[in-house]
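Visitor: For 1-26, the entry in TrEMBL reads signal peptide. Residues or ranges marked as domain 'DOMON' in TrEMBL: 49-167. Summarising the annotation, TrEMBL assigns domain 'Cytochrome b561' to 176-376. As annotated by TrEMBL, heme b binding site applies to H216, H252, H285, H321. The transmembrane segment annotation in TrEMBL covers 217-235, 247-268, 288-305, 317-337, 352-375.
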Amino acid sequence: MASPFKISALLLTFCVSISLTLPVRSQTCASQTFTNNNLYTHCLDLPTLSSYLHFTYDAANSTLSVAFFASPSKSNGWISWAINPKVAAMGGAQALVAFKDSKGVMSAKTYNISTSTPYSVEQSKLAFDVWDTRAEEESGVMRIFAKIKVPPELAAKGTLNQVWQVGSTVGAAKGVLTIHDMGAPNLNSKGTLDLNGGKSVSSGGLDSRTKRKNIHGVLNAVSWGILFPLGIVIARYLRTFPSADPAWFYLHVSCQVSAYAIGVAGWATGIKLGSESKGVQFSLHRNIGIALFALATVQIFALFLRPKKDHKYRFYWNIYHHGVGYAILILGILNVFKGLDILQPGDKWRTIYIIAIAVLGGIAALLELITWIVVLRRKSSKSTKPYEGYGGQSRP
């Protein structure tokens, strides 16, 4: 049977071996065709949201012909491609939007987005001329077609700030767009378009807010999602082995204190992000996070009130300690998945976390079996041991 110290090492290092895989994009803009046999000079595979842009720029009259392809997040959703005259960002963008109207017919409209938060999105004419707008759908992919008169100052630069987006639903009667997801792919759907060479230049990587969201997610996944469950596994199973005492206790406390310290940093980051997100709230995720922080704080301070093993209140303290610990375990894992739904970092990260939890759960199941075997053997050996009476003689 493996020693408790080898098991400890396995528990502390198991997640290091998980390998990372990169998603592969199966379709490119070069393979796409048009129902009206339109031809465009350039096409781009945009870096997020599985979106594509086809365009032709006529420098002689500053006319830009575009065809934007994307799949909405739901079948009755919307897609959008926009030009922002000032910066590569949502605020101030002049947008072309496609969606199904109340009769299920594809429609193309123009929308203005305000420059200040919370953003207002209003259906109206754009700051530049737009004509020949239309929309269509095929196999779940929506398409917007339009011709745009590029403003002189942008034509002189030869580049445009472009922003693209997809959403889940539309108030078909009034054309009111519901807010899009706030995951990294949605927040990074922006860049610079070279009108002459057809090159799409990244907007400079992740912005500071997205980086803070990623930091928040990593801190909480490591703390509540991995370290805290690991500490529970150590406490539950390693103390079965007499040779692991008191090593198991110090390992358990180290895991839980580390999880708490990292988790508090992640919690504080989340509170700060929430205070900056006016009009955007993730109430359940936020409330679970606050509950986790409160329970974990009580759990840490309860260590200083732990009665001795032979104290009459130790039994009740153990019930409290185990109950709160398992509540934190369940809420922590649940909130990691809620956070993944909000951040939407990509399927590979959800898969990696599921694998990590599955491996930890598998180790726990194996140790549960070993623990029962050890306990049953001890009981069996005690029940068969002969009783020695006075004088050292075995009692018949």
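A Cβ is built for glycine as well, from the same backbone N, Cα and C atoms used for every other residue.
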Visitor: Mind pulling out the one from 217-235, 247-268, 317-337 with the most Cβ pairs under 8 angstroms to the transmembrane segment (352-375)?
Guide: 217-235
Visitor: Just to be sure I understand the packing, how many Cβ atoms besides its own are within 10 Å of the Cβ of H216 (heme b binding site)?
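Guide: Excluding its own Cβ, H216 (heme b binding site) sees 23 Cβ atoms within 10 Å.
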Visitor: List the residues of the same chain that sit at least 6 positions away from H285 (heme b binding site) in sequence and have their Cβ under 8 Å from its Cβ, in sequence order, or write 'none'.
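Guide: Listed in sequence order: N335, K338, G339, I342.
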Visitor: Within 10 Å of the Cβ of H252 (heme b binding site), how many other Cβ atoms can you find? Include all protein chains, please.
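Guide: If we count other Cβ atoms within 10 Å of H252 (heme b binding site), we arrive at 20.
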Visitor: List nothing but the largest Cα to Cα distance in Å, as a whole number, among the residues H216, H252, H285, H321 that the record says bind heme b.
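Guide: Binding-site diameter by Cα atoms for heme b: 27 Å.
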Visitor: Taking a Cβ cut-off under 8 Å, which residues six or more beyond the ends of the transmembrane segment (317-337) line up next to it in the same chain?
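Guide: Contacts with the transmembrane segment (317-337): 220-221, 223-225, 228-229, 232, 285, 288-289, 291-292, 295-296, 298-299, 302, 305-307, 350, 353, 357.
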Visitor: Validating a neighbour-count step here. Other CB atoms within 10 A of the CB of H321 (heme b binding site): how many?
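Guide: The answer is 16 other Cβ atoms.
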Visitor: Across the domain 'DOMON' (49-167), what does the mean pLDDT come to, as a whole number?
Guide: 83
Visitor: Could you tell me how many residues in the domain 'DOMON' (49-167) are helical, how many are strand and how many are coil under DSSP?
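Guide: DSSP composition of the domain 'DOMON' (49-167): 6 helix, 67 strand, 46 coil.
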